[in-house]
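Copied over from TrEMBL, here are the features:
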type	residues	note
BINDING	GLU59, GLU84, ASP111, ASP134	S-adenosyl-L-methionine binding site
BINDING	LYS138, ASP170, THR205, LYS206, PHE207, GLU208	substrate binding site
REGION	140-145	region 'Interaction with RNA'
Amino acid sequence: MDNPHYMRRIRSFVLRQGHLSTGQERAIAEFGPKYVIEYTPEPLDLDAAFGRHAPRILEIGFGMGQATAQIAGNAPEQDFLGCEVHTPGVGSLLKLVGEQSLTNIRIVQHDVVDVLEHMIAPASLDGVHVFFPDPWHKKRHNKRRLIQPDFLKLLVSRIKQGGYVHLATDWEDYAIQMLEVLGGESALQNTAEGYAPRPDYRPLTKFEQRGINLGHGVWDLVFKVR
Ligand SMILES: C[S@@+](CC[C@H](N)C(=O)[O-])C[C@H]1O[C@@H](n2cnc3c(N)ncnc32)[C@H](O)[C@@H]1O
């Protein structure tokens, strides 16, 4: 019998221990108190968190944070809230924040589903980036993929009218699913016919360049909230 107590949400990640380098550990100690926002199931005051009022972009699953740091460095007039569950990734991004003296990044280390549900107010984001989310390529794992109709509904409800969702993947089967799911959401409008050209602000990663050199594809999707 279904007992809600035992019913757990299927998560889009598996927490790995992961080795923390000395540099990452140091960055967490030095910059964590200023740039990491603790998860609490209460609405977050973004103006207070960033100390100003500015356009707000949420990045989901920033990994080691290279793209995040580069994008934020190139757009000092915007604020970037990064959400990631993996501690070495948080350390890595904080290291970049320190090295590049970035002031427009804040981090929440927690499952983005909870963060969106409880911390982010409706219609408060100007954009959302999800770059190379875990493809969960085995058929039996597909249900772990982040980009699914229910999650997208929640995500879109947090974005302002005219704001955008930008996804990128190098896994064709997931790209097809993304196009289907975003195309099926009536609150969204595609900015392209199908997949979009890579917007200039998204840097090509070394990994991605290597894939492209090998003839592998990368698919960007950019949709606007009506
Ligand atoms: C394949 S990696 C891609 C990292 C990075 N965006 C890049 O392009 O290199 C996906 C990341 O999303 C994170 N992630 C997956 N599900 C998440 C969730 N529900 N909340 C927060 N982060 C999540 C994982 O920990 C992982 O670091």
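Cβ coordinates are placed from backbone N, Cα and C, and glycine is handled just like the others.
Remember, TrEMBL labels are computer predictions, not curated facts.
Overlay of TrEMBL feature records on the structure.
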residue: GLU59; record: S-adenosyl-L-methionine binding site; Cβ contacts under 8 Å, 6 or more apart: ALA67, THR68, ILE71, PHE80, LEU81, GLY82, CYS83, VAL128, HIS129, VAL130, PHE131
residue: GLU84; record: S-adenosyl-L-methionine binding site; Cβ contacts under 8 Å, 6 or more apart: GLY61, PHE62, GLY63, GLY65, VAL90, LEU93, ILE107, GLN109
residue: ASP111; record: S-adenosyl-L-methionine binding site; Cβ contacts under 8 Å, 6 or more apart: ARG11, SER12, PHE13, VAL85
residue: ASP134; record: S-adenosyl-L-methionine binding site; Cβ contacts under 8 Å, 6 or more apart: SER12, PHE13, GLY61, ARG144, ARG145, LEU146
residue: LYS138; record: substrate binding site; Cβ contacts under 8 Å, 6 or more apart: none
residue: ASP170; record: substrate binding site; Cβ contacts under 8 Å, 6 or more apart: PHE132, GLU208, GLY211, HIS216, GLY217, VAL218, TRP219
residue: THR205; record: substrate binding site; Cβ contacts under 8 Å, 6 or more apart: GLN66, ALA67
residue: LYS206; record: substrate binding site; Cβ contacts under 8 Å, 6 or more apart: none
residue: PHE207; record: substrate binding site; Cβ contacts under 8 Å, 6 or more apart: none
*Give the subset of the binding-site residues GLU59, GLU84, ASP111, ASP134, GLU208 lying near ligand 1, defined as CB under 6 A from any of its atoms.*
GLU84, ASP111, ASP134
*Taking the residues LYS138, ASP170, THR205, LYS206, PHE207, GLU208 listed for substrate, what is the greatest CA to CA distance in Å, to the nearest whole number?*
25
*Taking DSSP three-state, what's THR205 (substrate binding site) in: helix, strand or coil?*
coil
_Overall pLDDT for the region 'Interaction with RNA' (140-145), taken as the rounded mean_ = 94
